[in-house]
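Trainee: Heads up, here are the entries from Swiss-Prot:
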- 425-438: compositional bias 'Pro residues' (COMPBIAS)
- 395-438: region 'Disordered' (REGION)
- 1-13: topological domain 'Intravirion' (TOPO_DOM)
- 35-88: topological domain 'Virion surface' (TOPO_DOM)
- 110-132: topological domain 'Intravirion' (TOPO_DOM)
- 154-158: topological domain 'Virion surface' (TOPO_DOM)
- 180-212: topological domain 'Intravirion' (TOPO_DOM)
- 234-248: topological domain 'Virion surface' (TOPO_DOM)
- 270-276: topological domain 'Intravirion' (TOPO_DOM)
- 298-317: topological domain 'Virion surface' (TOPO_DOM)
- 339-438: topological domain 'Intravirion' (TOPO_DOM)
- 14-34: transmembrane segment (TRANSMEM)
- 89-109: transmembrane segment (TRANSMEM)
- 133-153: transmembrane segment (TRANSMEM)
- 159-179: transmembrane segment (TRANSMEM)
- 213-233: transmembrane segment (TRANSMEM)
- 249-269: transmembrane segment (TRANSMEM)
- 277-297: transmembrane segment (TRANSMEM)
- 318-338: transmembrane segment (TRANSMEM)
Amino acid sequence: MAGSAQPAAVHWRLWLAQVGVFAGLALLLLITLIGAASPGAGLPCFYAAIVNYNARNLSADGGAWAQRELGARHPALFLETPTTAAFSAYTAVVLLAVAAFDVAAAIIIRRENSGGFAAAYHMNALATLATPPGALLLGALAAWTLQAAVLLLSHKIMVLAAATYLAHLAPPAAFVGLFCTAGLPGAEYAQAVHALRERSPRAHRLLGPGRAVMINLAGGLLALIIGTAPLMLGQLLGAGLGLSLAQTVVAGVTVFCLAAVLFLVLTELVLSRYTQVLPGPAFGTLVAASCIAVASHDYFHQLRGVVRTQAPRAAARVKLALAGVALLAVAMLVLRLVRACLHHRRKGSAFYGHVSAARQQAARYIARARSSRGMAPLEGDAAALLDRGVASDDEEAVYEAHAPPRPPTIPLRRPEVPHSRASHPRPPPRSPPPAHVK
């Protein structure tokens, strides 16, 4: 038995080593971003200042053709400087959050399991459920490739930086997919998390609701990377292949729209099996589409003469496509929240209990506010929330996952007494007052 426990212990220590390396690379990425944004750090330029729409000849720096016969070039469409810096910082923060999550998981797993082959095997299973070793490797690779792209952008080596960022797209996509699924089918994942409820409540809180939060953060991260990578493709096409300005814009926006729609569909079909409350991917897609729309509006305003010459209808089509992606993201966000509430309502889970409690508190607050102002009580559907169960502060519904339904309570009533003369006897007659004695 001791010989069987030794490989499990080796696997556990290797996972701990991977967590340490991953946390170190995530921290190094954050330090690199801070240094690349500091003027006195030694880097020549600010990495997030990728494009400049001033009227000047950029033939030496690269860019898209504006007037090929005159040698005039202009930069391709890209995000604004604060947006680029914010997206990169969010990537570093999410990777650091995953590293902190893994450290907390390692501490909890170690405290609640000690000695024996079964304990060692259970520790490895929980470690894989927290973050698979392959996901740690992909996350470290994502941090390293983004760091390389930031350094190249600081030196304004645009073609190589764009190619590096496009290569950076693959590791985060694989990392998010493997981290969210934990390498398990949806049914097995739900069963593994549910089994921790009785065996290890502390691990269940971390690997259940806590991991659901991390899945939302990771989904939002991938949405932002999907919004940045197509614009990097436009930079590569404009500077490396010498395409026109309109061609680079149309190519970048088209790739983003297709990738965003595919990502939203896969999120609803695949990732929703692992956590029902999943607004992160749709919200991240909405943010990415909005940021690209703001950047494209400024871009078309600054270079309106060139855009009208090359493609008069390009601006309207780009804005229409981005608006469609944003509306689709909003629709998918609402759909996911509605389906999540219906799912938890059907299961009678704790999440639906919290939602119902919040709704009841809001209804009580509205009722008190209206009564303090002397307003009439609500009618119709709004008044349905203000029933006895809502107005009572002492009653609190408790919802547990897969809990059996409660039997209906029958109110106790006092037995009715028939109204009759016997039940209500007449009072005794009053005695006459004593006579006065003279």
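Heads up, the Cβ atoms here are built off N, Cα and C, so glycines get one too.
How buried are the listed features, and what sits near them?
Mentor: The DSSP breakdown of the topological domain 'Virion surface' (154-158), given as helix, strand and coil counts, is 2 helix, 0 strand, 3 coil.
Panel annotation: around the topological domain 'Intravirion' (180-212), residues 101, 104-105, 108-109, 112, 125-126, 128-132, 134, 218-219, 270-271, 273-275, 277, 401-402 of the same chain, lying at least six beyond its termini, place a Cβ under 8 Å from a Cβ of the stretch.
Long-range neighbours of the topological domain 'Intravirion' (270-276) within the same chain, counting only residues 6 or more positions beyond its ends whose Cβ lies under 8 Å from a Cβ of the stretch, are 180-182, 186-187, 189-190, 211-212, 215-216, 219, 336, 339-340, 343-344.
Sorting each residue of the topological domain 'Virion surface' (298-317) by its DSSP state yields 16 helix, 0 strand, 4 coil.
Same-chain residues lying 6+ beyond the ends of the transmembrane segment (133-153) with a Cβ under 8 Å from its Cβ atoms: 14-15, 18-19, 21-22, 25-26, 28-29, 32-33, 36, 43, 45, 47-48, 50, 88, 91-92, 95, 98, 102, 160-161, 164-165, 167-168, 171-172, 174-175, 178-179, 183.
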Trainee: Same chain, outside the transmembrane segment (249-269) by at least 6, Cβ under 8 Å from its Cβ: which residues?
Mentor: 76-77, 219, 222-223, 226-227, 229-231, 233-234, 237, 243, 278, 281-282, 285, 288-289, 292, 296, 299, 307, 311, 314, 317-318, 321-322, 324-325, 328-329, 332, 335-336
Trainee: Using DSSP, what is the helix/strand/coil residue split across the topological domain 'Intravirion' (180-212)?
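Mentor: Grouping H, G, I as helix and E, B as strand yields 28 helix, 0 strand, 5 coil.
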Trainee: Using DSSP, tally how many residues of the topological domain 'Intravirion' (270-276) sit in helix, strand and coil.
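Mentor: Reading the DSSP string over the topological domain 'Intravirion' (270-276) gives 3 helix, 0 strand, 4 coil.
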Trainee: Quick check for me: are there 3+ Cβ pairs below 8 Å between the transmembrane segment (277-297) and the transmembrane segment (159-179), leaving out pairs under 6 residues apart?
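Mentor: Result for the transmembrane segment (277-297) with the transmembrane segment (159-179) is no.
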Trainee: Where else in the chain does the transmembrane segment (89-109) make close Cβ contacts, counting only residues six or more beyond its ends and a cut-off under 8 Å?
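Mentor: Residues 15-16, 19, 22-23, 25-27, 29-30, 33, 123, 126-127, 130-131, 136, 139, 142-143, 146, 172, 179, 200, 202-203, 206-207, 210-211, 214, 217-218, 220-221, 224-225.
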Trainee: Check the topological domain 'Intravirion' (180-212) for me and report the mean pLDDT.
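Mentor: Result for the topological domain 'Intravirion' (180-212): average pLDDT 89.
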